[in-house]
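*Asks:* Pulled from TrEMBL, these are the listed features:
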| type | residues | note |
| --- | --- | --- |
| TRANSMEM | 12-30 | transmembrane segment |
| TRANSMEM | 42-60 | transmembrane segment |
| TRANSMEM | 81-106 | transmembrane segment |
| TRANSMEM | 157-175 | transmembrane segment |
| TRANSMEM | 181-201 | transmembrane segment |
| TRANSMEM | 222-242 | transmembrane segment |
| TRANSMEM | 254-271 | transmembrane segment |
| TRANSMEM | 304-326 | transmembrane segment |
| TRANSMEM | 338-356 | transmembrane segment |
| TRANSMEM | 368-388 | transmembrane segment |
| TRANSMEM | 394-414 | transmembrane segment |
| TRANSMEM | 454-474 | transmembrane segment |
Amino acid sequence: MGIIIKQSIKGSIWSYIGVIIGFVTTSYLYPNYLTTDIVGLFGLLISYSTLFGQFSLLGMQGVTARLFPHFRDKETGHHGFLTVSLIFFALGLILFLTFFFLFSPWLIKSNIESSKLFADYVYLLVPLSICTMIFVQLDTYNKVLYDSFSGIFLQEFLQRFLLFGITVAFALGWLTLAQLIFSFAAIVCVKAIALTAILSARGEIRFTLDRDFLTPKFRREIIDVAVFSIITGLGSMIVFNIDKIVINQMLDLSNTGVYTIAFYFGTLVIIPSRPLLKISGTLIADAWANNDRQKIKEIYYKSCINQFIIGGFLFLGIWANIGNILDILGPDYAESKWVIFFIGIGYLFDMMTGANGHVLSYSAKYRAAMYFLLFLLLFVIVLLYLLIPIGGIVGAAIAICGALFLYNLMRYFYLLKQFQLQPFNLYFVAVAAFYVGLYFVVSLIPQFSLIIDIIIRGAIISLVSFVFLAVVPASPDIQSIIRAQVQRIKSSINKK
């Protein structure tokens, strides 16, 4: 876990600097200087480009994650791995462009009345989708080279910093609306260019081809994994992006904007899991390749408990300050309260089940993940169409929360039955009981002015949680980090 913890901490530091910047942008600048339609446009552009980009990769990111350990050999340029990737990319690009230009007239027509702004800028989906393809593939490639940090830095920090900059420029009147939207698209694209430069500087962009290595049997395996990855990858992206698309189609762009902001707050809990899961996935893939069941069991357990502790801490901080958050957002975002709650709870459960997706996807039983995902896809679409007419954007949040619970429960029970992997123990109960109890204690604190109230509640939650985690050995990794920091503080005091 040394590599995991080191890169997770490094990635989390930059992620949360980005979170602070993103928080200012999302909670203050967007509600005060952008209309809900503009916010909705940004959310839709990301959702559609993610779906198009995921499909157009033709499963190559799955091939990278699952089969790269067999290619790994820097001296030979990893046996021409990037050349294979380029072939997939070219085919996917042709399919995407063909599909888009056939599909775009309907997309414009269906949005021209309720979401005219989206209809006006729908062609931005072309560069956004292509750059999404490049970034996702190169980020996956970089991850299997044991560098999960670069992608996190570019996406979680640099992109948010630049978005903050253009929003301030728009608020000051330095950019027109059109310039703001085109700048948004350019910023989303720049991370693909930057990651290409990083890999080139390290000598990892090499287009060779080792025909002898690519035996007919191995080629069939690549195609098999790619087909599986198309289904699972596209299904996963549909599940976690379709909410905004359906809200836009059933309601309007303004509601999509409100949901986008609320969704952002709900997903703050999951940000630390991204660096952890990225590097965990690489180690799990290697462990399966070596049939190291004990290593897999260790990573699985630690990913569950560490993520639950961190995610629970963050969700507690958000929900204890929900009144303050709503005050910051303003009256246009009053409906966002329960969207934040259900999205946060859903992703907290997702974090608590740890690296179950990687354990299953990289195992010999990886096809089971496809069936679970197809069932989940049907489930979430049905729920969205049932609950949005009843509950609006809150109904959409309940649908996503339910989908996350069902999906992770299915994966948990399957891993338990097939591999006897069971990561949960009484420490999970203790941590959950502690956070619930701490919430009720903090809720008794009288309300102060906005900033003072946030500081007081945050300080109490942090201090009490750190003491609890330092004393209770729920996570040896987190406990050792806290104790090391306490020892460092003591040493600094003694020197003085």
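Cβ coordinates are placed from backbone N, Cα and C, and glycine is handled just like the others.
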*Asks:* Same chain, outside the transmembrane segment (304-326) by at least 6, Cβ under 8 Å from its Cβ: which residues?
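*Replies:* Those are 27, 265-266, 268-273, 276, 333-334, 336-337, 340-341, 344-345, 347-348, 351-355, 423-424, 427-428, 431-432, 435, 438-439, 442-443, 447, 450, 453-454, 457-458, 461, 465, 469, 474-475, 477-478, in sequence order.
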*Asks:* Counting only residues 6+ away from its ends, which parts of the chain sit with a Cβ under 8 Å from the transmembrane segment (368-388)?
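*Replies:* Those are 228, 231-232, 235-236, 238-239, 242-243, 246-247, 250-251, 357, 360-361, 395-396, 398-400, 402-403, 406-407, 410-411, 414, 418, in sequence order.
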*Asks:* Is the number of Cβ-Cβ pairs under 8 Å between the transmembrane segment (394-414) and the transmembrane segment (254-271) three or more, considering only pairs separated by 6 or more positions?
*Replies:* yes
*Asks:* Counting a contact as 3 or more Cβ pairs under 8 Å, with residues at least 6 apart in sequence, do the transmembrane segment (181-201) and the transmembrane segment (338-356) touch?
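*Replies:* Since fewer than 3 Cβ pairs under 8 Å link them, the transmembrane segment (181-201) and the transmembrane segment (338-356) do not come into contact.
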*Asks:* Cβ pairs under 8 Å with the transmembrane segment (254-271): which stretch of 42-60, 157-175, 222-242, 338-356 has the most?
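*Replies:* Answer, by Cβ pair count: 338-356.
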